[in-house]
Amino acid sequence: MAIRDWPEDARPREKLLKQGAAALTDAELVAVFLRTGVAGKSAVDLGRDLIERFGGLGALCRADRVAACRAPGVGEAKYALLQAVMEMARRTLAEDMQAGDALSSPAAVRDYLRLILRDKEYEVFCCVFLNAQNRVIAVEELFRGTLTQTSVYPREIVKRALAHNAAAMILAHNHPSGVNEPSQADRSLTRRLAEALALVDIRVLDHFIIAGASALSFAEAGHL
């Protein structure tokens, strides 16, 4: 049965408008995004199939172009729309992070870093530069590496921090392996960076390791 023939309260779009997006199941959310189904399947059925195909809603949203466009009911236009939605989410989180104090709203910083780093297939080292009020000046990806490591040069980080006239920084890198435990090299690097930046009166407030959906804080774990 086509969705248009369902009772009004059961139709995903009408349900969203009346009860809010949080009231929808994952399959119903995907159905609203898709708008239409395929032969023999409603948009909700198709949404359910796509979630199962990719292993979850998050995995569907993060699927690459080739994999997404091979899936029934998606195609280039839907993939482009999905990428636009994801980029809107990233920019919204960036605005939230930049609007607040990084110390009083650490969740916004953590969520943003998790969003930009979690799906990288190689190690990336990022720096969040903060002013004297702990507000975000800039976020920069400074180094890229391989699946298991990246080379980080303290001198370059100090140069960028001085260029931004930063008073403090938050460091972040990802572990594509999915293991968020800091290695001895991670701890040693954090210590060296904190010492190098302290020489120019710049504080390192935290260092996050992003591993899949998890984010480990050096400050919270007592490593900083």
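Positions of Cβ are set from backbone N, Cα and C atoms, glycine also.
What Swiss-Prot says about this protein:
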- 102-224: domain 'MPN' (DOMAIN)
- H173, H175, D186: Zn(2+) binding site (BINDING)
- 173-186: motif 'JAMM motif' (MOTIF)
Neighbourhood of H175 (Zn(2+) binding site) by C-beta distance under 8 A, where only residues 6 or more apart in the same chain count: E123, I209, I210, A211
Helix, strand and coil totals (DSSP H, G, I; E, B; other) for the motif 'JAMM motif' (173-186): 3 helix, 2 strand, 9 coil
Average pLDDT across the motif 'JAMM motif' (173-186), rounded to a whole number: 89
Around the Cβ of D186 (Zn(2+) binding site), the count of other Cβ atoms that are within 10 Å: 19
Env. residues of Zn(2+) site, Cβ within 8 Å of mean position of H173, H175, D186 Cβ: E123, N174, P182, S183, I209, I210, A211
Neighbourhood of H173 (Zn(2+) binding site) by C-beta distance under 8 A, where only residues 6 or more apart in the same chain count: L117, E123, V124, F125, C126, T150, V152, D186, H207, F208, I209, I210
DSSP-derived helix, strand and coil totals, residue by residue, for the domain 'MPN' (102-224): 41 helix, 36 strand, 46 coil
